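Swiss-Prot has this to say about the protein:
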BINDING   G27, R30, R111, D154, R157, R160, R163  CTP binding site
BINDING   G27, R30, R111, D154, R157, R160, R163  ATP binding site
BINDING   D40, D42  Mg(2+) binding site
Amino acid sequence: MEDLFLKALPLLRELKKHGWQAYFVGGAVRDAQMNRDVGDIDIATDASPEEIEAIFPKTVDVGKEHGTIIVLFEGESYEVTTFRAELEYEDYRRPSGVQFIKSLKEDLKRRDLTINAMAMDEEGRLIDYFGGLRDIRERLIQTVGDPAERFHEDALRMLRALRFMSQLEFELSPNTKKAICENRPLLAHISTERKTVEFEKLLKGKAAGRALEAAAETGLYKELPGLDGKKERVLAARAFPFYQLQKSADIWAAFIHMISINPAEAHRFLKGWKLPGKVIRQALHTAERIDQKWDAVSMYEAGEETLLAASAIRSLRDKQAIDEEQLAEIRQSYQALPIKSLKDLAVSGSDLLNFRKKPAGKWVSDDLKRIERAVLNGELANQKKAIEEWLDSCSQI
């Protein structure tokens, strides 16, 4: 049993000591079976939220009405959820309510995919009612029960299926793929924000290319912001290894570049995904510089972060790998610039007013820009006296 499970074991045993069932569930169980790094440990029990709160002194109510309590235990936080059955779903996205139950099997039955519907007891024994382990061995994404029924309950599960396909490097089972083809319009009922979270996770997976291909094959791409009518462009993005990029803005910059969104459309396209303004600005700033031929001025205007991001994206596009040696040279070139921002200039707007003895006006910013370029291009030393003499000579021409 993994160390993270062992650390949480006393919590499981405490629930059992009080007469309740308790099991490890969810992604941690799946990842342990796949020998992947285990993340958050989740626990399911037949104890009610109130009974969980009565057993453990430190708890946080994060959704008691849905049966979920955070238990703070030995310096860690664990999500402990009461076995539940979900009542009828509304709007293809959420249940009208939940009913607390006593059966682990019925609780696992409501989950989306077989690989996410396994449990593990305190002895490390796997409880697998729906063939999750079989699907792990066969590397298949398969819903628990009828896929059409699962997708009608929550249409986001179709996109989640592709996301797990990307992250785990699995394939869709034939009946799951068929159900996505038939039910994809239901994704229109899901908020853009939820779709964006899943799609970004999809792009970060090692098999994003195969998942994008599945999105094209099933038509699911048509239900995503700004992608309807762009099947060939979506397929063109398959070749890019997005997982090698760390930052959200860089991933979106690479995506709009690979699907050939032109600069005039790019802002509207990214806004359509309801991304944070900062991510949009950074993505646009990077995307427009991916094919930039760098000189001192363009490096200065880009800034180090964008310079390196744009260069990494170009390297990944052309070589399928980041050329670390080339990036080191680019970083060195940037560090060698005489100035990194306007405030690094040896003169300010006030200095120019003193030099020129003229009323303030647009000429101040124009002169600063001229000085900036001359310094960057090595035509002028970044020294106050040299700049004053240079301005004098310019004004006499």
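Along the chain as shown, the residues are counted starting at 1.
Every residue gets a Cβ built from N, Cα and C, even glycine.
Since the structure is predicted, the reported quantities are computational estimates derived from the model, not experimental observations.
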Checklist line | Cα-Cα distance, maximum over G27, R30, R111, D154, R157, R160, R163, record's ATP binders, Å | finding: 21
Check: Which ones in the same chain are close to G27 (CTP binding site), with CB under 8 Å and 6+ residues apart in sequence?
Finding: G39, D40, D42, N116
Check: What's the most sparsely packed of the binding-site residues D40, D42, D154, counting other C-beta atoms within 10 A?
Finding: D40
Next item on the list: Counting Cβ neighbours within 10 Å across all chains shown, tell me which of the binding-site residues R30, R111, R157, R160, R163 comes out on top.
Entry: R157
Notebook entry, point to check: Helix, strand or coil: which one is D154 (CTP binding site) in, per DSSP?
Noted result: coil
Check: Which of the three DSSP-derived classes (helix, strand, coil) applies to R111 (CTP binding site)?
Finding: coil
